[in-house]
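Undergrad: One structure follows; several queries about it will come next.
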């Protein structure tokens, strides 16, 4: 599985700011979108382009345009919504496919409760966004769902990943690409990433 830890200075700086324990909801939300934007830049670097001729201000001009499959952004509810706007800054015409999954706090297993996907998933590149890749359960369940709907080109964008989650994702879906702003140390006994960001969903929405 292709794993890319984006080590650009801006990404490292912004993730560092997000680790502050007393960060405000407003600031955390802004940074989540900003890092999501930077991860999108990296994740789309291999998109193919084609040369087309358009009418410029002084006559015809050849320009590059992205070709191939269209894109759908897949936020995993609820925390994934915090990264979605950052992706749409670069791909404003992308379709949005929503997947609702929460993690059972006792078993740490993913529990799906909602889905609304683009009708032509087999013709699209899916960019899944979720702030945390902890155990990997929610991400794996989401990818399972997308593949059942015919999607064959999938990239996952996360702010922070745990080694345990990366290992689980690779075992389940080695064909998927993972882009993360940081690979952290480990999970604690409750399945939270250390040092991590805390509960990203609570911090993005300001509610528990």
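Every residue gets a Cβ built from N, Cα and C, even glycine.
Residues or ranges marked as 5-phospho-alpha-D-ribose 1-diphosphate binding site in Swiss-Prot: 78, 103, 130, 131, 132, 133, 134, 135, 136, 137, 138, 199. The feature uracil binding site is assigned by Swiss-Prot to 193, 198, 199, 200.
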Undergrad: Among the binding-site residues listed here (193, 198, 199, 200), which has the Cα closest to the Cα of residue 134 (5-phospho-alpha-D-ribose 1-diphosphate binding site)?
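TA: Checking each of 193, 198, 199, 200 against residue 134 (5-phospho-alpha-D-ribose 1-diphosphate binding site), the shortest Cα distance is to 193.
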Undergrad: Just name the most isolated of the binding-site residues 132, 193, 200, going by other Cβ atoms within 10 Å of its Cβ.
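TA: Counting other Cβ atoms within 10 Å of each of the binding-site residues 132, 193, 200, the minimum falls on 200.
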Undergrad: Around the uracil site (193, 198, 199, 200), what further same-chain residues have their C-beta within 8 angstroms of the site's C-beta centre?
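TA: Those within range, site residues removed, are 131, 132, 160, 192, 196, 197, 201, 202, 203.
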Undergrad: Under a criterion of Cβ-Cβ distance under 8 Å and sequence separation of at least 6, what residues of the same chain contact residue 130 (5-phospho-alpha-D-ribose 1-diphosphate binding site)?
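TA: Expected: 75, 76, 79, 80, 83, 138, 139, 142, 156, 157, 158.
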Undergrad: Check residue 193 (uracil binding site) against DSSP and tell me helix, strand or coil, would you?
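TA: In three-state terms, residue 193 (uracil binding site) counts as strand.
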Undergrad: Taking only the binding-site residues 78, 132, 136, which one has a CA atom nearest to the CA atom of residue 199 (uracil binding site)?
TA: 132
